[in-house]
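Worksheet for the structure shown next.
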Amino acid sequence: MHWPPEFGKVFMILEDGFSRRFHYLRLSVTEACNFRCTYCLPDGYRPDGRKSFLTVDEIRRVVYGFAELGVKKIRLTGGEPSMRRDLPAIIETVANTAGIEKVAMTTNGYRLKDRAQQWFDAGLRSLNVSIDSLDPRQFQLITGENKLVEILEGLEAAQKAGFRKIKVNTVLLKNLNDHELSQFLFWLKKQPIQLRLIELMQTGEMDARFQKHHQSGLPVKTRLLREGWTQQNRNLTDGPAEVFSHPDYQGQIGLIMPYSKDFCTNCNRLRVSSVGKLHLCLFGEEGVPLRDLLQADEQNSELQSRILEGLTHKRETHFLHDGDSGVTPHLASIGG
C-alpha cells in the first residue's frame, strides 16, 4: 500500500507477482478497421453483430478506475480508433480524468489529415501512425489501401496541429519491406519522429504468414550500432522498444523485438479490449470481464478489486518461443 498526499487515502498500486508495476493502459475502443493489412486482417474486418463496443460512460469509468490504481498513460487503440464517430468525446473524457498525464493513440492515419487538429484540441498529445512502406505500391500491397500520400500529408497536418510526439509503426516483413531500411533512414534525416520497427508476431490466424514473413530485428540493431546509433535509456511509461538516436538524424529508431531475450522483464502495460475485457498479455488468456462493473460509478471499488485479483494471474513471460501465441486470433481483437 502507498499513500500519495494528493489522494489523502490508501492508494493501491498495480503490481504483479514479479514486482512489475503497471502505469500504462492500452484501451481498445473498436475492433473495426478499414484497412486489410496482411499481418492483421488480410480479409478485412468482419463485424460480429453480437458485439457492442464500450460506450463513452463505460470508458470514463474504466479509465477512472485504472487511474486511481496508478495508471498515468492511456493509449487508445483498435481496430482503427477513428472509425468511432464519438472519438473526440472519448479523447476528451480520458484526457480530463484525474491522474492521467498522457493520452496517446495508434492509428492507420486514414483520417489524420482532416482530424489531427480536432483530436489535439480534445486532449490527444501523442500519435503512433502505421506506415509499413514508403513505396506507394508496396504500401497498397501490405495494407490493401492506396493511401500512403494522404497519410504522409496527415503527418504534416499533425505536426502543424501541435503534436510533438509522433511515432511511425512499421512491421518488419521479410520479402515485403525488409529491403526498405535505407529508405526509411534517409527519411528520418529530416523527420523529427521515432520510427518503430516491430517484429511480426505470431497469432492464432496468422501461422502461415508468420512463417513466411517473420524478420528478426537483430540484424537491424547490428547495423544501427555499426553506423553510430546509440541506445537510449527507458522512461517509466515507455513501451518495450529499444530506442536509438544518431547526431546526424532528427528522428529516432525504436526496435520492438518480442522474440528477444528478457522482452517481458520490463512489461509495464495492461490491455482492455473494446468489449471490456482485461487482458494481462497480448499473447495470453481469454481475458477478465470488467464490463458488468462499468454500469455505475458506485461500482468503482468492486471494479478495482477485480482488476487487482486478475493481475495475480499475470505470467512472467509469453511463450512465443514455444509457438504458443495464446488465444488471440488477430491483433485487432484486443488492440495490439
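Residue positions begin at 1 at the first shown residue.
Using the three backbone atoms N, Cα and C, a Cβ is placed for every residue, glycine included.
Keep in mind it's a predicted model, so treat the numbers as computed, not measured.
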Binding-site annotation, Swiss-Prot, GTP: partner of ARG75, THR106, LYS167, ARG269, LEU270, ARG271 in ARG26, ARG223, ARG315: ARG26
Record says GLY79, SER130, MET201 bind S-adenosyl-L-methionine. Source is Swiss-Prot. Which of TYR39, TYR249 does it list for that same site? TYR39
Taking only the CA atoms, the spacing between CYS264 ([4Fe-4S] cluster 2 binding site) and LEU270 (GTP binding site), expressed in whole angstrom, is 12
Where does the mean pLDDT land for the domain 'Radical SAM core' (17-238)? 94
Using a Cβ-Cβ cut-off under 8 angstroms and a sequence gap of six or more, which residues of the chain neighbour ARG269 (GTP binding site)? PHE22, TYR24, LEU25, ARG26, GLY239
Which of the three DSSP states, helix, strand or coil, fits SER130 (S-adenosyl-L-methionine binding site)? strand
To which of the binding-site residues CYS40, CYS267, LEU270, CYS281 does the lowest count of other Cβ atoms within 10 Å belong? CYS281
